[in-house]
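**Q** First, the structure itself, so that you have it in front of you.
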Amino acid sequence: MERGKGLAEGSSRSPGGGSGGDPPIPTTPSRYESQKRRDWNTFGQFLKNQRPPVPLPYCNSNHVLEFLRYLDQFGKTKVHLQGCIFYGQPEPPAPCTCPLRQAWGSLDALIGRLRAAYEENGGSQETNPFASGAIRVYLREVKECQAKARGIPHKKKKKKASPGQTDDDSTSSMPFS
């Protein structure tokens, strides 16, 4: 995994090897890039803390699932349990003892960033554990569970109507000629 090593260590070498004569231009990474780097480092630390430690090339979707479950303890989204009197209520009138979890949207965004970081740091697209079917299934289950717990009906998004179309036109699968 030598290819992306400079990126992971925050190297300031230019892509051309630094012998072009031009000094490197310091740039501030975007918010997304900074978050992606933090997420990648956090996941790397999680793997190192496993007993025994897991080298990145041996990481698989099970390690990713363990990481997502580990992160749940730091969540800020109240997810009502089925026995809770507020289960299924979008806005409960009083506090309860149900656990706080990571919100589905946060987990989905995290997986997207880690999926990109894995490939940027030398991992191949074919072996990307963040892109596995097991991760997609887990995220779908979290989304459905959280929607039920808060009483939010799960609806598939409708395709956006193009300008000038009515809502009835947007449901047609055949474009106008």
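Backbone N, Cα and C atoms are what each Cβ position is placed from, and that goes for glycine too.
Feature annotation from TrEMBL assigns compositional bias 'Basic residues' to 151-161. For 31-158, the entry in TrEMBL reads domain 'ALOG'. The feature region 'Disordered' is assigned by TrEMBL to 1-36, 149-177.
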**Q** Counting by DSSP secondary structure, give me helix, strand and coil numbers for the domain 'ALOG' (31-158).
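**A** When I sort the residues of the domain 'ALOG' (31-158) into the three classes, I find 76 helix, 4 strand, 48 coil.
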**Q** Average pLDDT across the domain 'ALOG' (31-158)?
**A** 91
